[in-house]
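First the structure, in the form of structure tokens, and then the observations on it.
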Amino acid sequence: MTQSVCILGVTGSIGRSTLKILGQHPDKYSVFAVSAHSRISELVEICKQFRPKVVVVPEQKIAELKTLFAQQNISDIDVLAGQEGLVDIASHTDVDIVMAAIVGAAGLLPTLAAVKAGKRVLLANKEALVMSGEIMMQAARDHQALLLPVDSEHNAIFQSLPHNYLQADRTGQPQLGVSKILLTASGGPFLNHSLEQLTHVTPQQACKHPNWSMGQKISVDSATLMNKGLELIEACHLFSISEHFVTVVVHPQSIIHSMVQYVDGSTLAQMGNPDMCTPIAHALAWPERLQTNVPALDLFEYSQLNFQAPDTQKFPALNLARQAMRAGGLAPTILNAANEIAVEAFLMERIGFTSIPQVVEHTLEKLENAAAESIECILDKDKVARSVAQQYISSIGG
């Protein structure tokens, strides 16, 4: 019997990689529902191949989608709109697995809906967990949802931890003999740039990651190291560990995806070629394994693997994220909202590359922190933080 999959963000890089895996295993998985934000022609091609029962697009894209469906004689797929539609498909009774791959804060409500519906949730949307934190983790426990990390680093950590680690007490302290998590970072395309060189970085340059094929937003986050900061916060929540037990290690080759150190002196690492199909397949099938077309790692190709500490003078975003995690409450929501606005402004060439962390720092300083008591207060603070960030960008000429 096949398992039914909902893919939130099907036309993004994670969504496309997920389809690749599902297409290789039609005896195990079927696509029940998908969502897309803007690439409607691509969505139609996906629908022709995988024949989902339901698709969700923004309200303003409904007419375009229905026109293309009519041209292709597609009449057996229901079309829903907006956040309400996303929540509907993520929590649908016919769905077994939800791939949460919508970029940014827009993925929060549907991801939480999937968790509250007790689904197997493959978490590729780190921002949802950065914002909701313990609310999301508590909901997973309350509704017996299985929250499995798809980010290559968190998936590597998950594979390197004791098999029952997620069932351990959530104390903020390492459990079951674990002493530390080593979160690897490629360092991005500007690892060896000077501060002066960073001031001249263009959006086109920032979107070319040396090792991974990714979307624009995560590529820029990777270049500023904010992606690693968001991943640090995500790791703290997923694995119930305080931020001072997480060390970021720059590893330019992206072969070791992360490591876990133990009290007996052991360090376990998960290694593999940099291809998102591997962690996606792992999360889909866990605790089983799926065949993929990803070539096995050939160690003889690599004469050496390099490691270094991150330069937080050149890349202050990492420390901003660590400070936000330490502050707790709504600080990570403020951090994430300001960063999304700053990255968007950079991609539109309204601000320079080095202004991105400045926008984030200003917004964190401007807004008062408070306890993250509910999803409503998180969304309210997200909205305010975006406004403050926009105002600051305008004030510096963006």
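Heads up, residue numbers simply count up from 1 along the chain you see.
Just so you know, glycine gets a Cβ as well, placed from its N, Cα and C.
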Looking at Swiss-Prot, which one out of His143, His163, His209, His244 binds 1-deoxy-D-xylulose 5-phosphate in the same site as Lys126, Ser152, Glu153, Ser186, Ser222, Asn227, Lys228, Glu231? His209
If I go by Swiss-Prot, which of Gly215, Gly229, Gly265, Gly272 binds NADPH at the same site as Thr11, Gly12, Ser13, Ile14, Asn125, Glu127? Gly215
Quick one: give me the count of other CB atoms within 10 A of the CB of Gly215 (NADPH binding site). 17
Spatially speaking, which of the binding-site residues Lys126, Asp151, Glu231 is closest to Ser13 (NADPH binding site)? Use C-alpha to C-alpha, please. Asp151
Binding residues Lys126, Ser152, Glu153, Ser186, His209, Ser222, Asn227, Lys228, Glu231 (1-deoxy-D-xylulose 5-phosphate) - maximum C-alpha distance in whole Å: 19
Of the binding-site residues listed here (Thr11, Glu127, His209, Glu231), which is spatially closest to Asp151 (Mn(2+) binding site) when Cα positions are compared? Glu231
